[in-house]
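Here's the structure we're looking at; comments come further down.
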Amino acid sequence: MLETKEMQPHHVKLPDGSIEKLTTTLNLGPTHPATHGVFQNILELDGERIVSAEQTVGYIHRAFEKLAERRPLYQITPITDRLNYCSSPLNNMGWHMTCEKLLGVKTPKRVDYLRIIIMELARISDHLICNSIVGVDSGAYTGFLYVMQYRELIYEIYEEVCGSRLTTNIGRIGGFERNFSDTAFQKLEKFLREYPKVLKEFENLFTRNRIFMDRLKNTGGISAERALNYGFTGPNLRAAGVDYDVRVHNPYSSYEDFEFTVPVGSTGDNYDRFLVRNAEMWQSLSLIEQAYRKVQEFKGAEAEVYHADAPAYYLPEKKDVYTKMEQLIWHFKIIMGETEIPKGEVYHSVEGANGELGFYLISDGGRTPYRLHFRRPSFIYYQAYSELTKGSMLSDAIITMSSLNLIAGELDA
Amino acid sequence: MRPVRFNIHPKQGEPNKSILMTEAPEGYSGQGFFTTKLSDVVGLARKNSIWPLPFATSCCGIEFMATMGAHYDLARFGAERVGFSPRQCDLLMVMGTIAKKMAPVVKQVYLQMAEPRWVLSVGACASSGGIFDTYSVLQGIDQIIPVDVYVPGCPPRPEAILDGFMKIQELVGKESIRRRNSPQYAALLESYGIQ
Amino acid sequence: MALTNEIIQQQLTEKFGDQVYNFESPFGLLTFQSPKEMNLKVLQFLYENENLQFTFLTDLCAVHYPDNKGQELAVVYLLHNLRENIRVRYKIFTDIQQPDIFTATKLFEAANWMERETYDFFGVNFIGHPNLKRVLNADEMDYFPLRKEYPLEDQTRIDKDDAMFGRGGSIF
Ligand code: SF4
């Protein structure tokens with residue numbers, strides 16, 4: 001197990017040929033209080049110091065990619081919900097946009113802005129969980145209990161828009177399933193009013209907290225080069241000092257109309273990751289405010305637009321299906337797979353809460369994808385975990401795990 | 001009735017009415033004494049001090065977090081102490097997809113728990129495999145361990161999880177103290193290959 | 001000078017001649033192929049050439065085309081030049097009887113698990129990979145589930161109506 005001479009502990013001398021080891025093997029996971037979700041880490045410990053770590057994943061492998069080959073496009077959205085379930089709407093929207101790219105559907109501006117509202121809400125709720133869990137793992141339970149309550153506000157908005165809290169299945173190819181109700185906007189306003197205070201207080205609890213800083217600083221760090229080589233994206237990459245953000249580099253859903261900054265860190269350690277996520281929440285808040293203002297500017301008939309004019313792909317609203325002939329026909333055609341799906345290969349990516357969430361869709365003209373591959377950020381950066389934790393204390397390794405924001409559903413697909 | 005609050009129009013809670021005291025079991029009481037069945041007393045004590053072991057693997061686990069949080073607060077039902085050691089816990093709450101790779105682990109955790117133990121299966125995945133009728137997913141945890149209460153939903157709302165929990169409480173409260181020694185129970189475990 | 005698809009294509013053909021072919025740009029993403037033996041050379045050229053600098057491996061996956069005899073498995077790399085913000089997609093095809101391909105782990109650490117996943121799903125054998133074993137499925141599994149001939153459903157279930165759930169025939 002021990003790779004180099006220097007890494008071996010010197011204080012013990014074992015006789016030649018002894019079956020004893022100089023290190024302790026600790027099996028962390030797959031069910032362990034400190035691992036969120038199911039990961040197994042086999043750690044070699046010298047005292048409390050980690051000499052090497054080997055990760056095993058796949059404990060909730062659900063075969064999304066195979067499943068997707070059997071489902072028509074609009075039925076794949078529920079699968080994407082379950083990728084990163086802390087921010088399902090982001091995945092949903094990413095998938096819709098991939099389909100729209102393939103099908104050549106152009107969404108109206110209002111839809112784009114509404115989507116941005118929902119996506120940024122999802123980003124906030126994801127970062128909120130991640131950061132408060134970092135708090136829990138470093139011994140500060142309060143923050144978690146406190147912000148969990150405000151995540152409910154976000155869930156209530158989802159509920160108002162799509163009827164579900166966590167696995168949202170929000171939106172359709174081409175837009176939303178229905179217009180946002182007044183209540184939804186009221187709830188959004190309430191959120192915008194109350195949330196900044198909460199976030200401020202959350203930061204007050206943690207950011208300059210001496211114990212918290214000591215626990216997080218200089219643990220689990222990674223350099224920008226290594227991070228890139230490991231395929232890091234998202235907040236974890238930005239914490240290492242690379243300002244790669246899909247929203248800026250390959251804008252989708254009219255992100256180019258907005259003003260926001262991309263927070264970056266420098267050392268890529270746990271503390272930077274925490275700060276970057278916090279700063280991103282502020283940016284998301286401002287994005288939501290901007291988008292909400294833009295949405296309010298639409299007047300007259302434009303203010304009622306909530307989907308693209310693409311009857312061949314947009315599943316019509318249910319009440320129209322019951323009352324209108326044309327809508328009924330389209331509904332039937334889409335459900336029965338009568339509409340034409342172009343052949344082709346598309347790759348589309350969105351800035352998920354953990355980084356670049358990509359969809360590689362190969363269509364052979366059938367109603368189901370020929371192949372669908374998800375680029376799942378956590379799967380890719382979790383490889384670096386053994387490098388991140390090598391030489392650190394066991395208790396730091398736990399914080400590193402939570403600050404990477406590993407989501408088992410996304411990791412194992 | 002549980003008080004329901006909506007956030008837009010805040011209502012004042014009525015603490016005096018919404019606090020529910022446990023009712024004493026049936027029995028015969030006189031001055032300074034009270035007689036009842038041992039089973040009832042034990043059931044009463046057990047049901048209001050369940051220690052859950054959350055076995056959260058995926059999305060349903062996130063709803064469980066919400067259930068644990070201040071808003072829904074599982075602690076109101078006497079389940080304040082969420083234990084993470086199977087040896088100390090009474091209730092195994094399986095939340096989330098259990099892949100075939102994970103199945104032996106679930107069984108192991110179940111075996112490590114001491115009697116009496118109950119199992120709550122939360123969500124479609126744990127109960128039946130859910131939407132994942134795939135080669136890698138276990139089609140319901142009842143293939144490997146006996147389950148007491150199933151909570152449907154994908155994911156179930158926190159209210160539903162609480163409801164499932166209350167169903168468990170009911171079961172626990174009514175259970176006779178002899179049940180775990182009965183031949184039927186041994187046969188049930190035997191059918192899962194547990195001695 | 002901004003890097004464009006044309007420049008990349010030109011540079012590649014200059015270096016490799018007719019060993020790189022089938023250039024196309026679906027949805028603006030330059031896609032090309034080469035023989036499978038060339039994969040490391042091409043990747044390294046893309047990585048190290050100072051004009052190209054495709055140093056970020058975004059994605060790696062495989063696709064199974066059972067009808068494409070002799071070339072059943074495609075391995076697809078998606079590379080990103082973060083400076084110029086441009087991507088390329090690079091494909092190689094291999095025979096399913098002998099799916100041997102050189103590993104890219106020496107260039108990209110990120111390729112490690114992606115290749116393991118590809119092995120797990122499709123059985124592509126990455127030569128030189130430090131630890132090529134299944135990553136998502138259990139080690140005991142003896143087939144490669146994402147190949148088209150294997151069924152999706154769990155075959156052990158008996159409580160569902162087979163006609164409705166795909167076992168024993170496909171509804172599509
Ligand atoms: S039942 Fe639904 S929400 Fe729960 S784990 Fe399964 S897929 Fe996720």
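Glycine too: its Cβ is placed from the backbone N, Cα and C atoms.
Curation plays no part in TrEMBL annotations; they are all automatic predictions.
Quick caveat, the model's predicted, so the values are computed rather than measured.
Listed in TrEMBL:
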BINDING   B:CYS59, B:CYS60, B:CYS125, B:CYS154  [4Fe-4S] cluster binding site
DOMAIN    B:59-167  domain 'NADH:ubiquinone oxidoreductase-like 20kDa subunit'
(message) Below 8 Å Cβ to Cβ and six or more residues apart, same chain only. Which residues does that give for B:CYS154 ([4Fe-4S] cluster binding site)?
(response) B:GLY123, B:ALA124, B:CYS125, B:GLY130, B:ILE131
(message) Just to confirm: which same-chain residues, 6+ apart in sequence, have a Cβ under 8 Å from the Cβ of B:CYS59 ([4Fe-4S] cluster binding site)?
(response) B:GLY96, B:GLY123, B:PRO155
(message) At a 10 Å cut-off from the C-beta of B:CYS60 ([4Fe-4S] cluster binding site), count the other C-beta atoms across all protein chains.
(response) 29
(request) Determine the mean pLDDT over the domain 'NADH:ubiquinone oxidoreductase-like 20kDa subunit' (B:59-167), rounding to the nearest whole number. (result) 89
(request) Could you tally the C-beta atoms, other than its own, that fall within 10 angstroms of the C-beta of B:CYS125 ([4Fe-4S] cluster binding site)? (result) 31
(request) Pull the DSSP breakdown for the domain 'NADH:ubiquinone oxidoreductase-like 20kDa subunit' (B:59-167) and write it out as helix, strand, coil residue counts. (result) 46 helix, 15 strand, 48 coil
